[in-house]
Structures are given as C-alpha cells and as structure tokens.
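Noted in TrEMBL for the protein shown:
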TRANSMEM  6-28  transmembrane segment
TRANSMEM  40-60  transmembrane segment
TRANSMEM  90-111  transmembrane segment
TRANSMEM  126-148  transmembrane segment
TRANSMEM  207-240  transmembrane segment
COILED    249-310  coiled coil
TRANSMEM  332-355  transmembrane segment
TRANSMEM  375-402  transmembrane segment
TRANSMEM  422-447  transmembrane segment
TRANSMEM  475-494  transmembrane segment
Amino acid sequence: MGDFNLALVIVAIIVCVLVFIFNVYLLVNYQHPDDVNQAYFPKFVVVLGLSVAAISILMLPADVANRQACRHAIYNGACNLTLPMKDLWLAIYFVDAILVFFVIPFAMFYYEGDQDKSVWKRMKSALIWVVVTAVVCALVLGILYGLVGKVDFTVRHLSSSTTSFPSSWDFFNSQQCIGNGARQCSAYSANASSETTWTMRTTFPEYVVALATIVGSVLFTIFGGVGIACLPLGLIFSFIRRPKAVITRSQYIKEATELAKKARELKKAADALHQEERSDNKGRKWRKNVKSVEKELLLLEEDVKALEEMYPQGEKAEASWAMTVLGYLAKLVLGVIGLIVSVAWVAHIVIYLLIDPPLSPFLNEIFIKLDDVWGLLGTVAFAFFCFYLLLAVIAGAMMLGLKLVFITIHPMKWGATLMNSFLFNVGLILLCSISVIQFCATAFGYYAQATAAQEIFGHTLQSLRGIKYLYKYNVFQIAFIILAGLTFVYYAAFGMEKKKPSGRFQLSS
C-alpha cells in the first residue's frame with residue numbers, strides 16, 4: 001500500500017514539473033517580440049496560472065487513483081496513508097480564486113498602464129484598483145457567508161428494535177428489519193414523516209470555492225455550450241473552405257491590392273481612435289469602436305494568411321503548399337475526432353444527468369472497462385475528456401468574441417501574443433477550470449465516486465443554501481445542451497460562409 005502511494009507521489013511530482021516546463025515553452029513561443037526580455041511579472045503570473053489550471057484538471061484523475069490506493073485494504077487505517085486530496089483541492093482552488101480576482105487583474109492593470117508614467121505610479125494605480133476590488137469582494141463574501149453560508153442535507157430518520165442473535169439468517173424482500181414487529185427501517189419505503197433536514201455551516205474556503213464555481217459555471221455554460229459544437233465543426237468547415245489550388249500572380253496582386261486598401265482604412269480608423277484617447281474622450285461609443293476595429297483587424301489578418309497560403313512564395317514554395325495541404329487534412333482528422341468526442345459528451349449529459357433515473361452510466365462504464373484493460377487507460381481517457389471540455393470553453397469564448405463583440409478580443413497567436421492577451425486567457429481558463437472539474441465530477445460521478453472532489457463539488461456544493469436549486473433542476477446542464485444545439489444549427493446554416501471585414505466603422509464625433 002505504501003509503495004503504491006509513493007509511486008503516486010513520484011508521478012504527481014514528475015507531472016507538475018512537465019506541466020511547468022510545457023507552459024514556459026508556450027510562453028516563449030507565443031509571446032510578442034515587443035515583450036521579449038521584459039514584463040517578467042506578468043510572465044510569471046501567466047506560467048503560474050497555466051500550471052495551476054492544468055494541475056487542477058489533472059487532480060481529478062489523481063483523486064480517482066488515490067481512492068484506489070485503499071480499495072483493497074485489509075485494515076482500517078490503510079486510507080490514512082493516502083494523499084490528503086481534500087486539503088489539496090481546497091488549496092489549489094483557493095490559489096485559483098486569488099489569481100483570478102486579484103493577481104491577474106493587478107498584472108493586467110500594471111501592464112496596460114500608461115507607459116509614460118513611472119513604474120511606481122503604474123504599480124500604485126494597479127494596486128488601487130485591486131484593493132478596491134478586494135474590499136468589495138471581502139464584504140460580499142463575508143456578508144453572504146454570515147447569512148447563507150450553510151448546507152442543508154435532507155436525511156431520513158430510521159430506527160429498529162433489537163432482537164436476540166438468531167441461529168440462522170432468513171431474509172425476504174418484504175422484510176425491512178431484523179426481528180418481528182420491528183419499526184420501519186428501510187429508506188426505500190419509509191414514510192414522508194421520517195424525512196428531516198440537517199443544517200450545518202460550511203468552512204469559509206469551501207464557500208469561496210463554491211461561489212467561484214457559480215461565477216465560472218455561468219461562463220462555462222455559455223462558452224462551453226457554444227464551444228463543444230464550434231470546436232470540431234470549426235475545424236471541419238475550415239477544411240471545407242480551404243484553398244483548392246494555387247492562384248496566379250495576377251490574382252494575387254488583385255487580392256493584395258484590395259487587402260492593402262482595407263488595411264489603410266483600418267489604420268485611419270485606429271489613428272482617429274488614438275486621437276480620441278489622447279483627448280480623454282473615451283466613452284461607451286469609443287470602446288465599442290475599439291472592439292469593432294479589433295475584430296476587423298483580426299479578420300484582415302486571417303485574409304492575409306489565407307492569401308499567403310494560396311500563393312506561396314520563395315525557394316520552398318512547393319514545400320509550403322504541401323505543408324498547407326497536410327495542415328488542412330490534419331484539421332479534418334482532428335475535427336472528426338472532436339465531433340465524436342462532442343457527441344459523446346452531449347449524449348452522456350442527456351443520458352446520465354438529465355434523465356432521472358439515468359438510462360446508463362455510459363462513459364463512466366467505458367472508463368471502468370478501460371481501467372480493467374490497463375490500470376491507467378481509463379484514467380487517461382477520463383483526463384482527456386476533461387481537457388477537451390476546457391478547450392471547448394476557449395473555442396466558445398473566441399467565437400462569441402468575434403461574432404457578438406461583447407467581450408474584449410484577445411486571440412492567442414504563435415509569436416504575436418501580448419501579455420495582456422495572455423493574462424486575459426489565463427484568467428478565463430482558471431475561472432472556468434473550477435466549473436469544468438465540478439461538471440466532470442458530477443457527470444462522471446459513478447466513476448469518480450468516493451473521491452474528495454465529489455465530496456466538495458457534489459455533496460457540499462449541491463447542498464449549499466441558495467445555490468443548490470441551480471443543481472437540483474440541472475439549470476447549467478440544460479442551458480449547455482441548448483446552446484450546443486443552437487451552435488450546431490448555426491454552423492449547419494452559415495458554416496460555409498467566409499468571414500469578411502466590413503470596412504465600416506462608427507467613429508465617435
């Protein structure tokens with residue numbers, strides 16, 4: 001038993017080191033050239049945030065493996081030798097909440113501060129905003145915890161009379177208790193009067209995790225519901241809209257001239273917005289115009305990239321075209337695999353969560369059978385489904401940012417990602433990762449039963465006063481399925497259309 005736990009600790013340490021190295025690699029290769037050899041504090045926050053998000057996702061499979069450490073225990077104290085997963089869960093999510101609500105906002109305010117100001121003034125301005133946010137959050141959390149920071153567990157009071165130890169044991173389906181004339185002791189057939197409610201106050205860390213989960217669940221439901229459909233379908237339709245052949249030089253010149261004209265219009269609009277910013281005329285319309293310009297710029301960059309793909313230049317033009325073809329084939333393969341995973345997710349939610357009683361354990365049973373084939377195969381598949389859900393959230397946020405422009409667009413681009421975009425996406429990932437774990441702990445409750453995660457995100461969260469009704473009536477799951485269906489219909493109707501810059505801007509006077 002001890003050897004198993006030692007192996008689990010070693011694996012956990014190795015995975016944490018690999019996650020940290022991989023996140024440093026992402027930062028180095030995605031960062032914008034303007035941020036090279038500077039902005040070290042935002043970079044540290046980015047690596048730390050990505051590491052916490054990845055580790056939190058991997059902790060659920062680790063929780064399952066930790067539970068199996070004492071599954072075949074032959075003495076009562078065996079489970080005391082396993083990892084303290086409940087304490088680890090609370091620690092990782094407390095760090096998550098601090099990063100999302102305090103550290104990342106401070107880093108963003110500092111990074112986006114006026115470059116003409118001194119470092120101290122930028123830090124002071126960012127600190128003021130964070131302190132105000134901290135005071136408001138502390139007051140809200142304190143008041144809510146004092147008023148409704150309790151859990152209500154519905155239980156049945158059962159009792160039975162005693163009887164002498166029998167010489168033989170004979171049981172029947174109709175026999176609820178041992179002994180004749182005993183009072184009711186079967187929960188299945190107990191009357192309503194035996195039901196009562198136990199009320200107890202939850203710990204403050206658990207309450208913070210619960211409220212952070214609710215905030216993340218709203219974003220997760222919107223972004224995840226859209227992303228679970230647009231992630232695979234976007235890849236498939238990208239293959240369908242791919243360039244079929246290399247264009248001629250005259251066609252290239254014509255398209256490049258048109259794109260240059262649109263680029264000049266964008267520059268003119270951006271200069272006008274920059275002048276308004278200098279004159280402190282930054283109203284609601286100005287912010288709307290900034291988002292519109294950001295959207296048009298992103299679409300224009302996509303058109304430039306597409307044009308370069310259709311007319312590769314240089315000594316390795318043929319090799320570049322071959323890599324383009326292979327890239328789109330890879331998108332098709334990944335899109336088909338993703339579509340299968342998305343359909344499996346939606347089907348599992350309907351079969352296991354929305355139908356009462358569940359029709360089948362579905363993916364839970366598949367994971368268990370994979371574990372029977374090889375000890376970690378089911379755990380790896382389980383982790384893959386959790387990670388896929390997090391990728392769907394990011395894809396949904398990008399799509400809604402482009403279509404509706406109700407959030408600031410922060411695209412992640414290889415070698416061209418500014419630190420504010422990094423911080424924004426890391427904050428989004430961290431905030432939604434809590435809800436992804438809670439959602440997975442519920443959706444795979446049969447596979448992840450008796451784990452510390454299920455105790456926190458299952459029993460406690462779903463019994464918390466004022467919040468439990470959102471889970472009792474499956475509000476998030478139903479909204480998730482509806483948004484996934486609407487996104488699928490949208491792609492079926494408009495997926496073939498190529499996005500084009502409008503070239504029209506409503507600049508404030």
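For all residues, glycine too, the Cβ spot is worked out from N, Cα and C.
Non-local neighbours of the transmembrane segment (475-494) in the same chain are 217, 220-222, 224-226, 228-230, 233-234, 237, 342, 346, 349-350, 353-354, 439, 469; each lies 6+ residues outside the stretch with a CB under 8 Å from one of its CB atoms.
Here the transmembrane segment (40-60) does not lie next to the transmembrane segment (126-148) in space: the count of CB pairs under 8 Å, restricted to residues six or more apart, is fewer than 3. It is 207-240 that, among the stretches 6-28, 90-111, 207-240, 332-355, 422-447, forms the most Cβ pairs under 8 Å with the transmembrane segment (375-402).
Among 126-148, 207-240, 422-447, 207-240 has the largest number of CB pairs under 8 A with the transmembrane segment (332-355).
If you average pLDDT over the coiled coil (249-310) in this model, you get 82. Sequence-remote contacts of a segment are chain residues at least 6 beyond its ends whose Cβ falls under 8 Å from one of its Cβ atoms, and for the transmembrane segment (126-148) they are 101-102, 105-107, 109-110, 113, 204, 207-208, 211, 465-466.
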